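Q: Handing you this structure, nothing more for now.
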Amino acid sequence: MMRKPLIAGNWKLNKTINESQQLSRQLLESLGTVSNREIVIAPVFTALNAVSEIIKSSSILLAAQNCYPATTGAFTGELSPLFLQDAGCQYVIIGHSERRQLLHETNAFINQKLIGVIQAGLKPILCIGETLQQREDGQMLEILGQQIKEGLVDLTTDQMATVVIAYEPIWAIGTGKTASSEQAQEAHAYIRSLLQEIFNSSVAEQTRILYGGSVKPDNIDTLMAQTDIDGALVGGASLKAEDFVRIVRFL
Ligand SMILES: O=C[C@H](O)COP(=O)(O)O
């Protein structure tokens, strides 16, 4: 089965509502009818609805950068998948390393979010990745294994059909240091082998695994040429229409 390439732009804490609308209009103009790749953009919460209005009849999909694993209730300051869906989202990024590090999110908490997202009919993009220290200490595979196993606990094979995984080595995020295509391919192949072990070969075969970490117009082609790389989660380069468009149009 062919995995449709997915290119996602994580705008992180950037762009006001006006700026988000402007960037969305530029992307709509260049990418609004692209159908051979899935395109996802993740603005800040406050801009979600305004961006949704712009891209809603196009092939560009909307993601939130986080959520809380509840539906409604006394959860001051949080947003649940239900509200993200109400704002126009189809995807939710879960467990980004910035949240794991700055907000101490655990694999167990991330797993609850993942289940909440799926139950609300949205699709999760689960981020995993090792630090430089962990890589240098030879712990990379162990860390990835833990993040995958604990992050995907209790998911059925049917639910796995909605899950996208993003491998983002922390040392490559925002640093300009991309993992080499070989390093990325090695991690992606390992993640796929874990999916086979935990679920089955069709889950392993169908699940899209994105690479993230300093993806730019000049390295996307080589990354996408790797067997187990099915797309990219792009930070910095997704803030400039020209760069993101080129990344989506990888060769
Ligand atoms: O979610 C995106 C990643 O954190 C990558 O960010 P970056 O492309 O700025 O390195």
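Here the Cβ of each residue, glycine as well, is placed from N, Cα and C on the backbone.
From TrEMBL, here are the annotated features:
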BINDING   N10, W11, K12, G174, S214, G235, G236  substrate binding site
ACT_SITE  H96  active site, electrophile
ACT_SITE  E168  active site, proton acceptor
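What does the local environment look like for each feature on the list?
A: Sequence-distant neighbours of G235 (substrate binding site) (same chain, 6+ apart, CB under 8 A from its CB) are N10, K12, I173, G174, G212, V215.
When other Cβ atoms within 10 Å of the Cβ of H96 (active site, electrophile) are tallied across all protein chains shown, the result is 28.
Cβ neighbour count for E168 (active site, proton acceptor): 28 (other Cβ atoms within 10 Å of its Cβ, all protein chains included).
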Q: What same-chain residues, at least 6 away in sequence, bring their CB to under 8 Å of the CB of G236 (substrate binding site)?
A: G174, S214
Q: Sorry to bug you, but what's the C-alpha spacing from E168 (active site, proton acceptor) to W11 (substrate binding site), rounded to the closest Å?
A: 15
Q: Of these binding-site residues, N10, W11, which scores lowest on Cβ atoms within 10 Å?
A: W11
Q: Using the centroid of the Cβ atoms of N10, W11, K12, G174, S214, G235, G236 as reference, list every other same-chain residue with Cβ within 8 Å of it (recorded substrate site), in sequence order.
A: I173, V234, A237, S238, L239
Q: Would you count the other C-beta atoms found within 10 angstroms of the C-beta of G174 (substrate binding site) for me?
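A: Taking every protein chain into account, the count is 12.
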Q: Just the number: how many Å between the Cα atoms of E168 (active site, proton acceptor) and H96 (active site, electrophile)?
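A: If we compare the Cα positions of E168 (active site, proton acceptor) and H96 (active site, electrophile), the gap is 9 Å.
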